[in-house]
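Engineer: The domain 'Copper amine oxidase N2-terminal' annotation in TrEMBL covers B:109-174. Per TrEMBL, the feature domain 'DUF1965' maps to B:270-337. Sequence annotations record features per position, and here TrEMBL assigns domain 'Copper amine oxidase catalytic' to B:348-746. Annotation comment: TrEMBL describes B:D422 as active site, proton acceptor. Marked as active site, schiff-base intermediate with substrate by TrEMBL: B:Y503. Here TrEMBL flags B:Y503 as 2',4',5'-topaquinone.
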Number of protein chains: 2
Amino acid sequence: MTGLRWEILTFTPLRLSNVKMRFPVFLTYGVALLTTSVPVLAIPKLQKEYRHRRLPTDPLVKRDTEGSCTDTSAFVDSSAPKANIFYGLSDLEVADVASWLFAQPDLNLTVTANATDWDNTITLIELLQPNKTDALAYLDGDSPPPTRNAHVILSISSVDEPYYADLIVGPLPAVEGTTTWTPLEYIYTKKAGGKVRNLDADYETVYYEWVSVITASVADITEDLIGGSATGSENDTLSVWGVDPYWQDDGRVVRWDSFFGYPEGDFDSMTLLPLGLYFKSDVTGRDPAEWEFQGWLYNNIFYETTEEFRAAWESPDFVKIPINTDGPWGHTDQQGPVLPMDVSQPPTLVAPTGARFTVDKDARFVKWMDFEFFISFNRDTGMHLHDVKYKGERIIYELGLQEALAHYAANDPFQSGTAYLDSYYGFGPYSFELVNGYDCPSYSTYLNTSFYTRETTRTHLNSICLFEHDPAYPLQRHSTGDYVSVTKNIIFTVRNICTIGNYDYMFSYEFYMDGSIGVDVRASGYIQSTNAANNGDYGYKITGESVSGSMHDHVINFKLDLDILGTENTMELTKLVPTTETYAWSKKPRNTMKLERNLLETEDDGKIFWDPFTQYSIINTDQVNEFGEYPGYRILPTASTAHLTILNSTNLENAANWVTHDLMVTAQHDTEPRSAHPYNSQDVFDPPVDFEAFFNGENLTQTDLVLWFNLGMHHVPHTGDLPNTVFTTAHSAIMITPHNYLATDASRQTVQQVRINYGGGNASEVTSFGQEPAQCVVGVSSEDYNLEGYLGDVVIRKFPYDPTDPWYETGWIGK
Amino acid sequence: MTGLRWEILTFTPLRLSNVKMRFPVFLTYGVALLTTSVPVLAIPKLQKEYRHRRLPTDPLVKRDTEGSCTDTSAFVDSSAPKANIFYGLSDLEVADVASWLFAQPDLNLTVTANATDWDNTITLIELLQPNKTDALAYLDGDSPPPTRNAHVILSISSVDEPYYADLIVGPLPAVEGTTTWTPLEYIYTKKAGGKVRNLDADYETVYYEWVSVITASVADITEDLIGGSATGSENDTLSVWGVDPYWQDDGRVVRWDSFFGYPEGDFDSMTLLPLGLYFKSDVTGRDPAEWEFQGWLYNNIFYETTEEFRAAWESPDFVKIPINTDGPWGHTDQQGPVLPMDVSQPPTLVAPTGARFTVDKDARFVKWMDFEFFISFNRDTGMHLHDVKYKGERIIYELGLQEALAHYAANDPFQSGTAYLDSYYGFGPYSFELVNGYDCPSYSTYLNTSFYTRETTRTHLNSICLFEHDPAYPLQRHSTGDYVSVTKNIIFTVRNICTIGNYDYMFSYEFYMDGSIGVDVRASGYIQSTNAANNGDYGYKITGESVSGSMHDHVINFKLDLDILGTENTMELTKLVPTTETYAWSKKPRNTMKLERNLLETEDDGKIFWDPFTQYSIINTDQVNEFGEYPGYRILPTASTAHLTILNSTNLENAANWVTHDLMVTAQHDTEPRSAHPYNSQDVFDPPVDFEAFFNGENLTQTDLVLWFNLGMHHVPHTGDLPNTVFTTAHSAIMITPHNYLATDASRQTVQQVRINYGGGNASEVTSFGQEPAQCVVGVSSEDYNLEGYLGDVVIRKFPYDPTDPWYETGWIGK
């Protein structure tokens with residue numbers, strides 16, 4: 001799913017200069033543009049254009065025609081009842097922490113732009129999420145907001161065994177003499193003083209002094225076999241990447257590199273151009289003199305030395321495999337005959353009366369109908385929802401992505417070894433601007449997102465959208481001979497899209513009038529293919545050349561901390577079972593079914609495969625409802641989901657022990673806030689967070705529960721994945737839905753329904769419950785999408801922070 | 001799911017006259033209104049109003065404001081390339097067959113309105129679907145259309161052992177001397193001369209001379225225990241229904257009857273008012289003198305005689321259970337506080353340029369983009385699609401509903417015994433008018449549907465809708481640092497909704513620009529509940545009185561006759577399996593995964609449970625594609641599905657042997673066109689179609705395959721099912737999707753996509769591929785839905801047919 005990690009953000013001019021090997025931070029931070037010379041002077045202007053273009057009070061609704069819909073504005077601001085203690089640090093807090101860190105001589109930090117492989121740098125400055133204990137004391141009681149602390153990660157590269165250092169810096173604001181740093185360890189299962197080894201500290205050395213030298217040594221062979229060469233020069237015609245994660249067996253650090261072709265023109269199709277030549281090296285330690293080249297692989301023949309490989313290549317019976325070259329099959333633009341009726345504008349969604357929800361733009365606090373929640377955003381996993389209340393009661397303390405695995409398998413070592421744990425790259429930095437009218441309806445309300453990198457706070461404009469829509473089917477209906485009753489199904493969605501290298505993940509949280517909440521992921525973008533030679537057992541051949549749609553599993557882990565009428569909850573498993581019963585009224589035994597109702601007792605039973613005959617509900621057994629049943633919310637898969645096919649993956653070892661099941665239940669602890677760590681890939685045998693360690697037999701009845709569920713897809717790409725996978729079947733979703741939670745269906749509250757009485761051939765009465773019809777017209781021109789103003793990736797504020805320049809304020813674009 | 005079968009179409013005035021016991025045909029035919037005095041003179045007027053209201057050239061788009069969207073009309077007519085040989089009989093053909101049948105003295109037929117329980121009547125006159133062999137000869141060759149024959153079912157009630165007679169009447173048109181009738185047997189597994197026993201021939205006698213007498217004998221007890229009485233009079237305050245199907249053990253015909261309360265006011269909530277009193281009778285044979293009352297059941301105590309029951313009731317320690325009475329919890333109208341922002345009109349779908357598809361209104365032939373197909377409609381199962389072509393090649397010969405089972409379980413004999421096989425009632429007669437703007441977008445194109453009953457052809461206006469919509473997520477996208485590419489996801493849907501008693505099934509066939517087709521079912525309407533007393537193992541208590549959300553399974557069987565590049569196809573099962581492998585390049589074994597590709601060999605392996613690690617494709621191994629792979633279409637569940645929990649159901653015996661698995665594959669035979677028969681419930685041990693008999697070990701490689709898949713839900717209703725189940729989670733779906741079928745993704749053909757290049761902080765280029773922007777405005781008033789014209793259920797044409805009166809033409813409303 002990922003792949004070309006350090007390529008995707010580079011500009012074409014830089015790519016021509018062979019930047020792919022020049023940005024060690026890319027692999028680590030997944031951020032690129034910052035080293036380029038984006039003209040700072042242009043930014044205010046762009047920002048202004050943007051503000052003109054998509055202000056919430058702007059335009060798809062408002063029209064200068066008679067009878068146009070009243071512009072009630074796209075949203076009404078509203079104040080959050082409490083501070084958003086989850087959202088993140090302010091720009092000023094970040095700048096203060098950065099200043100404070102540089103002022104600590106014991107940290108020996110170097111500004112990133114000036115750093116070599118042997119300098120210490122700041123990798124991350126973010127809000128350290130408050131402990132749930134402290135957060136609830138504030139949210140539900142009279143306590144002040146939890147003390148704010150920064151979560152800092154340093155890259156300590158000045159030593160022989162480089163590592164990442166997780167620190168707590170606080171309290172904030174950072175003030176010399178008051179604020180201190182301490183190792184961050186308590187939220188990780190590995191107790192190592194907040195240290196994780198860094199296998200990428202010598203990234204630049206590896207590429208320039210090792211990989212390029214090897215690939216240059218066979219330039220004549222690669223020109224012949226795979227149509228180009230990679231020598232580390234600006235004229236390279238091939239790309240070379242290393243596998244992720246490294247082989248870490250027996251204490252060694254081993255890399256496999258693979259050659260890829262460059263796409264033609266503008267398209268990002270490099271992951272469709274694998275060339276089938278691989279080489280292995282042991283790069284353990286920091287001394288290149290100790291590194292060892294270990295062989296070539298071509299057409300499933302392993303050559304231990306370059307000499308051996310060269311001799312084989314020179315022999316007359318050497319067998320060559322086809323070269324993959326780019327073509328229209330890898331390009332996403334319109335192709336093929338235009339269908340005549342396709343040219344006309346298709347049906348579209350409009351919002352005649354503007355938004356029917358409110359947003360506190362500073363607090364990222366959202367209210368839609370009887371739902372309300374806070375939004376947060378972080379580097380590792382992007383957007384989370386917090387303190388989701390429904391009809392005034394909290395139902396979710398936290399809901400958000402934890403980690404996304406893309407695990408491949410193949411006959412070759414590169415794809416076989418690939419098991420991307422995408423939070424390493426981070427979802428936050430790759431949550432790009434959404435395309436209005438395409439990614440989200442044209443009337444959507446947008447929020448910006450920010451993330452830290454290289455002493456700056458960086459903002460993606462319009463990277464979260466919020467909108468209502470009508471899914472073209474009703475929520476409820478019933479017909480009789482006398483009347484029909486139908487209710488519109490208006491769904492409220494919060495969405496962002498993160499493109500991690502080749503793949504685009506769309507995350508949507510969907511709220512329904514019946515009290516249900518859906519968590520929905522779709523995937524599009526480029527597959528990471530492999531060379532089809534010898535890979536018939538691992539994928540389909542999908543081009544006329546030698547591209548295999550390399551099989552892989554996506555497993556995407558989420559945390560769902562449900563709180564049903566308080567934190568003390570229990571999971572009920574209600575199973576429909578076949579049975580043979582004899583009743584008071586039956587003489588013979590009858591084959592029928594009944595319910596088995598069980599409570600989940602301990603974490604020993606907390607790992608679950610979805611059973612289609614079982615219903616899983618989080619209930620509160622201390623709050624029996626007026627009918628004698630337990631109120632709760634049910635969780636169920638609503639599209640296909642996936643856990644990992646592979647058992648005990650050699651690539652992953654202990655780095656992702658949440659992949660084994662569909663749904664996992666643990667007791668909540670402030671010490672177990674996340675199922676993964678972004679650097680688990682750096683030490684797969686002994687990672688900072690081993691999810692397996694969460695399971696220690698704790699009692700799960702009437703205690704604070706956390707659900708960890710996996711979405712995902714088993715993906716065996718076929719020709720229809722060229723040029724891009726489409727969202728149609730690359731889809732996974734769960735829903736949580738009220739279960740004996742209220743006395744009746746909550747959607748009866750909506751006025752967006754109609755009852756029509758009829759009889760004798762006439763409609764006698766139409767009841768519409770006080771809906772206000774919008775007697776008006778709406779503009780529907782797609783030109784109003786204003787795509788000319790799409791910026792992709794802008795707004796940079798440099799360290800040190802200049803609070804006197806308002807253009808650099810990150811936040812709500814409408815402000 | 002069903003239940004109040006003979007109630008739902010009765011007008012209030014008739015219900016007050018206690019019609020529930022007066023219409024034996026309702027139970028058989030599921031049709032009611034025809035005996036009422038709908039003023040015929042009013043129909044032309046209504047028809048005309050209708051035509052004014054929702055002509056395809058009508059008005060949601062067109063506006064008298066400057067800049068309004070061009071009215072390109074809601075559809076463009078287009079001619080089908082061939083006749084629709086699947087659609088059904090013309091009204092004239094039906095009238096001719098009816099005339100011809102009445103002219104056959106050996107059939108001894110009586111007009112339905114004049115018939116007693118001992119007369120023979122016509123139950124059905126429909127088109128006998130052509131054999132696939134004959135149809136393909138016409139569709140693909142130069143053969144003339146297949147000979148048209150009528151499928152006639154007679155109710156032969158003039159004999160001691162009443163039966164339904166399935167006949168072929170043909171050739172058509174029916175002409176005395178040329179046309180003949182022969183028993184229809186070859187399409188059923190039971191070879192009984194087309195005869196099925198009829199257990200309902202004495203329906204009226206049963207209710208008036210048996211059930212009412214029994215219930216009257218305990219009127220004092222029922223007044224006390226369950227708050228009313230049923231004596232067969234017009235003043236009855238309770239309703240009594242018999243279980244479906246009858247107990248048919250040991251050659252006996254045994255019924256259980258149950259008491260229900262009447263709802264207050266207008267609502268159809270009777271299935272929420274079960275009163276917990278049941279009685280059993282053996283009604284074998286046609287002589288009421290031979291029938292035997294066998295006992296009462298109340299509060300899980302069985303009383304063999306009324307005397308015993310009465311004595312218990314009179315005893316001081318008799319335990320009474322709560323009475324269920326109607327209330328707002330059973331009413332669908334708006335209830336509860338109105339949410340302020342809910343009053344404004346929500347986002348809605350509009351079609352700025354009208355429909356972008358064509359319909360041949362006579363042939364029911366539809367073309368959307370590169371898809372085209374015919375629609376048919378029949379009494380038993382409603383709407384089917386035929387000869388679905390994609391890019392000029394047939395991919396589906398037939399796709400349609402076969403049967404829907406709603407199987408309950410409970411501690412009481414009524415719910416325990418209930419296993420509705422809904423084609424008994426028929427989906428065709430219950431495919432009601434759709435509510436514009438609610439059931440389907442307001443710009444939808446509608447088709448009418450017709451069905452035969454009681455010597456008339458009856459039409460439901462606007463009961464099929466066709467529309468495109470934007471689901472608020474794109475079809476494809478990819479972002480890089482240089483550009484973003486996004487494609488709109490325009491989906492074309494064909495939908496109808498059938499309300500079988502208490503439950504509303506929404507059937508949607510969805511077509512995607514990538515070549516995928518979805519089959520989607522949602523369920524709403526009233527649950528059939530049971531009395532909560534003693535039913536804790538079978539459902540939740542969901543009211544303060546004594547209503548149990550009675551557990552049940554919906555299993556809904558479809559036929560999918562796929563033809564991939566010809567009729568000779570094979571199913572491939574591609575399984576992702578964990579494995580441990582040692583490679584040329586690995587010294588140690590590696591835990592990884594690979595593909596196992598198997599072909600389905602014979603019908604012995606043709607019954608499949610969905611395995612999440614297996615991909616199921618229908619491929620053509622004789623048509624290897626240019627890359628060496630087999631072209632095909634994959635079938636996959638895209639929402640939850642269900643097969644029956646119960647093993648060897650005592651209610652069903654052999655009547656529904658398709659319930660056991662998720663996906664079943666058989667060799668196509670003209671003798672096996674449908675998995676069920678509408679009267680399978682009449683003889684569950686030896687039904688006319690026993691699906692199990694389709695499986696006889698035939699080879700399935702490169703032969704004509706038919707898939708039979710089940711959608712459905714395991715439903716344990718909870719409080720959120722009151723008053724109605726909502727569509728949100730009552731959802732089941734599969735999709736078929738191209739699989740190595742074309743060289744690349746077909747959606748690249750659409751112009752509804754955009755590429756935005758950017759860099760250096762600017763969008764440098766926006767490419768929109770020739771899309772025509774609609775620079776215009778669209779009216780969005782919900783008042784344009786014209787719901788005042790909703791008719792529900794109209795247009796009756798009496799036998800004998802009068803071809804001189806055009807108002808009675810059934811068909812396309814725009815004609």
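Yeah, the Cβs are placed from backbone N, Cα and C, and that goes for glycine too.
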Engineer: Let me know how many other Cβ atoms fall within 10 Å of the Cβ of the residue listed as 'active site, proton acceptor'.
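Structural biologist: There are 30 such Cβ atoms around the residue listed as 'active site, proton acceptor'.
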Engineer: In whole Å, how far does the CA atom of B:D422 (active site, proton acceptor) lie from that of B:Y503 (active site, schiff-base intermediate with substrate)?
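Structural biologist: Per the Cα atoms, B:D422 (active site, proton acceptor) and B:Y503 (active site, schiff-base intermediate with substrate) stand 11 Å apart.
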Engineer: Relative to the Cβ position of B:Y503 (active site, schiff-base intermediate with substrate), how many further Cβ atoms are located within 10 Å?
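Structural biologist: There are 27 of them.
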Engineer: Using DSSP, would you call B:D422 (active site, proton acceptor) helix, strand or coil?
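Structural biologist: DSSP call for B:D422 (active site, proton acceptor): helix.
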Engineer: By DSSP, what is the split of the domain 'Copper amine oxidase N2-terminal' (B:109-174) into helix, strand and coil residues?
Structural biologist: 12 helix, 24 strand, 30 coil
Engineer: Would you list the DSSP helix, strand and coil counts for the residues of the domain 'DUF1965' (B:270-337)?
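Structural biologist: For that range the per-state counts are 18 helix, 19 strand, 31 coil.
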